[in-house]
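Colleague: Got a structure for you, questions after.
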Amino acid sequence: MNVYFILFLGVFAFIEVNCKSRKSKSLGTCPKLDVSTVCVVDYKFNCLFQKQCPSGYRCCTYGCNRRCAAVTVNKKHLGSCRNSSGKKGKRCKKDKSCKRHEKCCNKRCRRVRKKIAPVRTLSKNSSNSFSFLMKLISINR
């Protein structure tokens, strides 16, 4: 079991270094989120690669998890006021007064996207290391 854990850490470290070298400023920066730092593997939300995240989201590290988090791109908040939902938020004049997943719509911050997005399923060719890692994690349970 310790061998699998060490192997897991090695693979994770390789991915982390590999991903950091490919980061683009156009993707925005990872926001600080109030998300659990408990190490739980949730196949729907844990990402390993940026290409698993939808447009406007970035694969960010939170504790020992990696999630597709909403980001601003070139300081612009993505989304449309037509898609806004939720209760009226705080008063605003511009998007920069709102959180990254909100826009200033009718002088109120409104949620236009989710803070955390589900990951996209990768094609078989691009997900070999992801599948291997998930199988490895399953073995250790």
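Note: Cβ is positioned from N, Cα and C throughout, glycine not excepted.
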Colleague: According to Swiss-Prot, which residue among C47, C53, C105, C109 is joined to C81 by a disulfide bond?
Modeller: C105
Colleague: Swiss-Prot pairs C60 with one of C30, C39, C47 in a disulfide bond, so which one is it?
Modeller: C30
Colleague: Near C81 (disulfide bond), which of the disulfide-bonded residues C30, C47, C92, C104 can be found within 10 Å, Cα to Cα?
Modeller: C104
Colleague: Name the secondary structure element type, per DSSP in three states, that contains C104 (disulfide bond).
Modeller: strand
Colleague: Please report how many Å separate the Cα atom of C59 (disulfide bond) from that of C68 (disulfide bond), as a whole number.
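Modeller: Distance (Cα to Cα, whole Å): 4 Å.
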Colleague: Roughly how many Å separate the Cα of C104 (disulfide bond) from that of C39 (disulfide bond), to the nearest whole number?
Modeller: 34
Colleague: By the DSSP assignment reduced to helix, strand and coil, which category contains C81 (disulfide bond)?
Modeller: helix
